[in-house]
Every structure is written in structure tokens, then in C-alpha cells.
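Contents: one structure, followed by commentary.
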Amino acid sequence: MHARKQTKDDNGTAVSASSPEAPEGTRAVLDGNEINRALTRIAHEVLERTKGGQDVTLLGIPSRGAPLARRLARRIERVEELDVPTGSLDITMYRDDLRMAPARALGRTEIPAGGLDDRVVVLVDDVLFSGRTVRAALDALGDLGRPRAVQLAVLVDRGHRELPIRADYVGKNLPTSLRESVTVQLEETDGHDAVLLGPARASSTGTLRAGSRSLPETTEGDA
Amino acid sequence: MRHLLSAGDLDRDEATLILDTAAELAQVGDRAVKKLPTLRGRTVVNLFYEDSTRTRTSFELAAKRLSADVINFSAKGSSVSKGESLKDTALTLQAMGADGVVIRHSASGAAHRLAGWVDGSVLNAGDGTHEHPTQALLDAFTMRSRLGRLEGLRVAVVGDILHSRVARSNVLLLTTLGAHVTLVAPPTLLPVSVGTWPCEVSYDLDEVLPKTDVVMMLRVQAERMRDSFFPSVREYSRNYGLDGERLERMPSDAIVMHPGPMVRGMEISAEVADSPRCTVTEQVANGVSLRMAVLYLLLGGS
Amino acid sequence: MPENHGPYLIRGARPFGGDPVDLLLDEGRVAAIGPDLEAPEGTEVVDATGLIALPGLVDLHTHLREPGREDAETVLSGSRAAAMGGYTAVHAMANTDPVADTAGVVEQVWHLGREAGYCDVRPVGAVTVGLKGERLSEIGAMADSAAGVRVFSDDGICVSDALLMRRALEYVKAFDGVIAQHAQEPRLTEGAQMNEGCVSDRLGLPGWPAVAEEAIIARDCLLAQHVGSRLHVCHVSTKGSVDIIRWAKERGCDVTAEVTPHHLILTEDLVESYDPVYKVNPPLRTAEDVQALREGLADGTIDIVATDHAPHPVEAKETEWSTAAMGMVGLETALGVVHKTMVETGLLTWEQVADRMSAAPARIGRVSDHGRGLAVGEPANVVLYDPAAPVEVDGAALVGKSGNTPFRGMSLPGRIIATFLRGAPTVLEGKIK
């Protein structure tokens, strides 16, 4: 029973936990301050779009969406005097590429008390790429309750959608090539904050094929 | 891992992964929609050569909660009872496209044999007097849920160790997970080489109970008496049965487990069986989550 | 049946592994031995350079399955397998269907063996009627029959009744017979599946304690000595049994014993696979037992190697362990296994191998024209063995009908090149005739 450990980035991104410097071949596109500013901006946008945020529930998608959701909740709570129910939603069991890799270890799913019915659920993830993770999250939500509305917040939108999905809140739009990888590092999971852009890890043949984007070695952001 | 044949095949990381996965999946039972799409389009066959409605139902529910197609292939009323060999049955299941076969069989090693004949995953749901790995896993899961840890836990397994697949799997798994196991039984109901097992052995239940966090009572069949494993039910239950008085001698947070079905009045008194410290029904509920975890980890990936 | 041939001149063979000489086989006998023999007209010459010549092997313990289980083996197929293994005489065990407990059945088997013509088939008679352990079968009639039975055994089942065993031992004294006991205390081995110990406990298979074998051997040795009869112990498998037999011989008991090739090399660990090809009675034991058996065979405590060749059809083994049949085929691999375990280890010389696999079994079975030396005038029962031709065992390549060999995939150091039965080749150039 091989399962990839959740401590590794489950989006197949290259993780370099120890070094605050961008590893060779990669460059930082957002540093810690920029990430903080982006989250603060998103917090304000959420409050605006949801008319004060009274009905908002934040659900982070593990692994890095979960700490992002908690940070976002803190920022919203700082602006408005309210308690934002925050949890996490693991989408592993809903992935469409389960059979393409050994069984994965599950992330945590924590639905805040009070449930999701009639809430405005804001899904939070680090990178929006193909849209497949969000598709899986929408399926998972459907089995958990009936939110009044579902919105999506991401730290980075790198483009290359494969499904008709868009984000409601974006920290940074980052035009990328398929030959590149986007890596989000967070204090909570990696020891420091950074968003890195680097070359995509080579597939076994050393070439990237358009049809192989759901394979782990060429997938970032979305599952 | 492709199959789950023996608890001894699991290393600590693998066993912990199964328990962690089961803990996540336990939530599914509390949801509005008690189902996940994960094994959609996969076929799981329950191949049961022994009557065991509870184990079969547990596996069936686990597979269905993961959206697998489930076929129950019981020995009674099928070609199996007309003398078809295990191998031919295996080839039949193979031809039907079974992705996983859950097998319960009275012959030790039947699951190992099956694994050599089918391409799919084989899950041992009890083979003779050999092993019952998912029972040990759900027992460990129950202990961890109740007591918060397994490392250093003192577990006494009491009863017919010699004929118990549950005991074998538990000794292997609990040792791997860092618990200390003591087997308690009359010498006749212990394997001859038990001294080489990674556990303690005692003939004296009263001496063991005060230093035990978990006592697992095993079923003792009355027919063992006819084969002179012990002189009488009365003498057995006097020496090795768990009653209220003995329960009092255990630490106050200690729990009583039983893989079921219980023989009240033999190894366990009604008072103990019905006490809140007895986890029998919890074990049954945990069994579904645990089996979901195993099915997912065996069949969910590539 | 192999055709009759003219004389054979074997060039450059090494009798008992010694110096090369030529052997001339003619009219069923060894006609001449010496360097550079002349080949008379019509002689076929066999180049035996580097080959070891031994007297034809004699097996005291073979299951030929006919009558009754012709799907597993027949007298013909089994005696062809025997020839491939270098045997010129085999003893066919009595547990056929019907049981070989009457003169009629043993004569039938004996006749089938003669018709087949690949080796001399000596039937073993059942000790008790139907192997039931209740009353003696007509032992005398079988002894007096054309088959001339001298070895009696309920093999597969132990004659556990002490009184019945005593009577059988006494009765066969009248015609110099021997009781070959399958030593297995039945109550201690009810449902037993493998050697009792760490492995059986781990695998959850009911154990077969060594004491179940040793207790019967001890009892039978004492009985045989008490009534002054001959006892032969089948397939000794434990260190304790070797010790008991050694002790019995020291105190003057007329006991002989056999060990199978598989018990000289395989251990119970193989059962971990749950593959019933390793299921056998008595069961595979521990490495310590294997070592004691080798030493016992080397020092003569164990007199002979006997194959306990036990063919089974595929379906009897392709099943779960507990329902599988017990037994292994062994005729075609016996000499290779003995070479590997006893000669390569320095425990036996080739001369001693000839004793353990030819002379001694012939003596125990009272087979007069087998197991004799390679000397002028002796019956021309000869096997030529290439000790430097490693072969990987393949069940499907065996000449016998069943492929249940536990040695499959194992490399054995040599192979049989030729077998001569009374001067006629049954195997030549490594192929059955």
C-alpha cells in the first residue's frame, strides 16, 4: 500500500522546505510580504462581494489551501467583528486521476459545526491550473450539504484551464507556459512563504506531452 | 502493496496510514450522503466459504460506501458447494473482472493461494487458524480511538490463542505498532512455540489484569472441552472468564474488547459484555471505516 | 518395453567413481571388465568418458498408483520414471485401490511390471486387510505368490496397534520377511498438516510433532527385538528418530531405516508459500533434522535412501493446503539430490552411495539379482551417471506421469546418461528407450 505522504505537496510541485532562497533554476514571483498583501486584498474583496461576510464559510483544500483559508479567515475577522467558520475539504476521494498513481494518503476534511447548508462557501486553494481540483471539490461539496453559493479563492491563477471554471478571487494572475511549474511554499507547511516559478519536472522521456498534464510529474496547482 | 494477506506484511508506516485513512473515512458514516465515488466502476467480490454474516456485511457496506460494485459469492448454493476447486472459482472471478476479492475460508493459507491465481487484489478476511488482518486493524483502530495511543499500550489477549486467527494477526500488528501484548490462556490453548513470539505469555489472568490497558477476550468453543483442551466450561470460566469482579481489578480506564461472537457465560459474563467499558459494538462500527480504508488503499490507486 | 539388443561395450566409465575401465555387457551379465576391451562383432559401443558407473539402483519405497489411480501414475509410467532415475528395481507400495493385500493384487502388479520391462517391480504387501489396521492380511499367500513378496507395509497409515504390530513382526519371520513401518502415532497427528513448531504456529496449520514419529519407532524397535524379527522404518524424518535408531542398533535390534531425498535437503520453511507441492508425509522438518539425517545416512544409522515417489495429478496439488494430497515425486531426481547433499558435502563416497541406494535396499527387500557389485558374471544392471552435467529440475520434463516435484527450479549437479537392466538399455544418451 503505497501512499504519497501529505507532507509532500500533493499537486506534484517541487517542494524545497529548508531554503528561503529560490532553488536553482527557479525564481520567486511572490515573496512573503506580497503573499500577505494579496490575502489581505482577497479578504476585503470577500467582504465586499458577500455583503459583510455574515454567511461565509471558508474551506481550504489540503494541503496548502487549508492554512491559506485560516489566514484569510483571520484577516476577515480583523476587518469585521465576526467569526468566520473555517474548515478543510479533502478532495482525494473525488479526484479523476486516482488510477494514475498509487493510492494517496488522505488530507483532513473538517466541516465547521453548523454545516454548509445555506452558507456561502468560499473554497480556498493555492494554485488554480487545470480546474480539476475545483471540479472534485464541487462534487465533494454536493455530498456534504447544500450551500447557497460556492466561490473560489486562489493565491495564484496560472492559466491553462481544462474545465469551465474560474476563480472569484485571485491573489496573482501569473501567465505561465506548460513547461513551467508553480510552487507555493507556506510558513505552516514549508517553513517560509514564497511562490516560485521554475521548469516543470521532466517526464521520464524528458519531453512534455500535452495529453499528459494529469500525470503527477507535469501537474501543478490543480489535480 | 497489492494484497492484504497477513498483518505481518504491514510495516509501521503502512499500518499507521491505514488507521489514519480509516479515521478520515469514519466521517462518511455521519454525513448526509454516506458514499464516496472513489471506487466507481470497480468490482469487489466477497468470496465467503464460511458463514460470517457480520464480516461479509461489514466488507459489503465498506465497498458500497466507496461506490464499488459488490458481488457476494458464498460457497453455499453456488458451484463451490458442487465441488468446484478454489482455483476454478478464482479463474471464474477473474473472468468476471473482479478488481478485488475478499476471501473468508476455513483453510489456512487460502488467501495466499488465491493471490497466486488472480490478477486483482486479494484481501484476507480470515483464513482458517492463520490470520484475520482487518480484524486486528479495526481492533488497533478502536484502541487508538478510545485510549489515544498504541505505543506502550499493554494489551492482554485471553482465550483460545491456539485456534485463533484474530490472536495471530493482533500479536503481529500490535507489536509492529509498539504495543505490548500478553497472551493469557491455559497451556493447552497456546501454540507450542509461543515462546518465540514477540509477546509475553501468562497462565494467570488475575496476575495480568491489574497491569493491562486493554483486555481482548477470544471466543472459546465448547467443542474444545470435548477434545480435552480443558476439563469443563466451569473450570475454564472460573480461571479465564472475565466477570465484573475481575474487571474491577483493571485500571479504571481500561477497556474490554471482543471480536465477536461472544459466548456469554464462557469467556465473558453478561455484566461485562453489557458494560460501557466493553467496545464490541464500537468495534463493529469501526470495522466498516477500517475496511473502507483498506479497500481504498488497495483498489483506489493505479 | 525396451527392445532387446546385442552386447554393449561401455568405454571409459568409472566404476564407483574410480579409475576408468571398459565394461562389456552381454547376455544379461557383465561379461568382461578391463582396459581397452575388444568389441565383438555386433557390439554397440557407449562412450562413457567421465561417467560414473554404479550398480542399478533399487528403491524400497515407490508408489506406482496402479491399480486405482492410473491418472497419477501407472506401473508402466512409474517404471519408466524409475529407469530415468537409474533404478533397475522398485518396490511398489500397497496403498493402491484395491489395496495390495491379496496374492491376486500383488501378482497383477508384478505382471504389469514385467510387461512394462523398464525395471523389476517388486510389490509390497499390505500388513492389514485394506490398510485398516484391524487384522492381518494374507501375508503368507503374498509371500508364496509369483510376486514373492518379502516387504510388508501399510505405508501411509501406521500400524499403531501394538499387539497387531507384534503379530505382524512375528509372522513374517517364517519367510524372512520384513515389516516396513510408517511411524506416525495417529492420535498425536489428527488433522496434522506440517511439522509442529514455529512455522506451523505462525501459519496456523495443525502441527505434526516429531514425537509422533519417534514414539512409534522406539516402540517398534523394542517389539522387534523382543520377538527377534526384522523391522524396517520408512522415511525417517527427525533427529530424534535417528538417535533412537542408533540406540536400537547398538543394543542389537535388527532394524533398518530409510530416508527420502527430500528430507535430506528440504525444510519446513518452504511451507510458508502454502504451496502444497511441499506437502508430504512425514512432513518437511527443520534444518537441524536435515543435518541429523545426513549424518545418520553417512554413519550407517540410516541404511538406505528410498524415494517415497508419490505422484499426484495436478488438481490434487492446485488447491488450498489443507485439502491437498500429501506426497512428492522423486525417482528421477533421487541420485542428483544424494549427489548434492551427500557426495558434494563429503559425507558419502560413490561406493557408499551404491550401498545406500542399491546394495542395502536390495538386501532389505531380499531382491537377489540386484544391488550386486560390478564384477564379471554379475547381472548387468548398471547405471551411468554424469556428475558434471548440472540440470535444472522441471516438473513438466519428467518422464513420470505427474509433475509434483518439490525440486522444480532447483539445480542438481548431475544426470543419468544410461540405465541397463540385465544388459538391455532402458535409458540411453539421457533418454528413455
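From the backbone N, Cα and C atoms, a Cβ is placed for every residue, glycine too.
TrEMBL annotates C:HIS61, C:HIS63, C:ASP308 as Zn(2+) 1-binding residues; of C:ASP154, C:ASP155, C:ASP161, C:ASP201, the candidate listed for that same site is C:ASP155. Cross-referencing C:HIS111, C:HIS182, C:HIS262 against the Zn(2+) 2 binding annotation in TrEMBL, which names C:ASP155, C:HIS235, picks out C:HIS182. The least crowded of the binding-site residues C:ASP155, C:ASP308, judged by other CB atoms within 10 A of its own CB, is C:ASP155. Calculated from their C-alpha atoms, the gap between C:HIS312 (substrate binding site) and C:HIS61 (Zn(2+) 1 binding site) amounts to 16 Å. A C-beta separation below 8 Å, combined with a sequence spacing of at least six in one chain, links C:HIS61 (Zn(2+) 1 binding site) to C:HIS91, C:MET93, C:ASP155, C:ALA180, C:CYS234, C:HIS235, C:GLU258, C:THR260, C:ALA306, C:THR307, C:ASP308, C:HIS309. Its own atom aside, the Cβ of C:HIS235 (Zn(2+) 2 binding site) has 24 Cβ atoms within 10 angstroms in the protein chains shown. Other than the site residues C:ASP155, C:HIS182, C:HIS235, same-chain residues with C-beta atoms no more than 8 angstroms from the centre of those residues' C-beta atoms, the Zn(2+) 2 site, are C:HIS61, C:SER153, C:GLY156, C:ALA180, C:GLN181, C:ALA183, C:GLN184, C:CYS234, C:ASN281, C:PRO282, C:ASP308. For C:HIS63 (Zn(2+) 1 binding site), the same-chain residues 6+ apart in sequence whose C-beta sits under 8 angstroms from its C-beta are C:GLU73, C:GLY78, C:ALA92, C:MET93, C:ASN95, C:ASP308, C:HIS309, C:ALA310, C:PRO311, C:GLY327. Between the C-alpha atoms of C:ARG65 (substrate binding site) and C:HIS182 (Zn(2+) 2 binding site), the distance comes to 18 Å. For the recorded Zn(2+) 1 site, residues C:HIS61, C:HIS63, C:ASP155, C:ASP308 set the reference point as the centre of their Cβ atoms, and the other residues of that chain within 8 Å of it by Cβ are C:THR62, C:MET93, C:GLY156, C:CYS234, C:HIS235, C:ALA306, C:THR307, C:HIS309, C:ALA310. Put simply, C:HIS182 (Zn(2+) 2 binding site) is 9 Å from C:ASN281 (substrate binding site) when counted between their Cα atoms.
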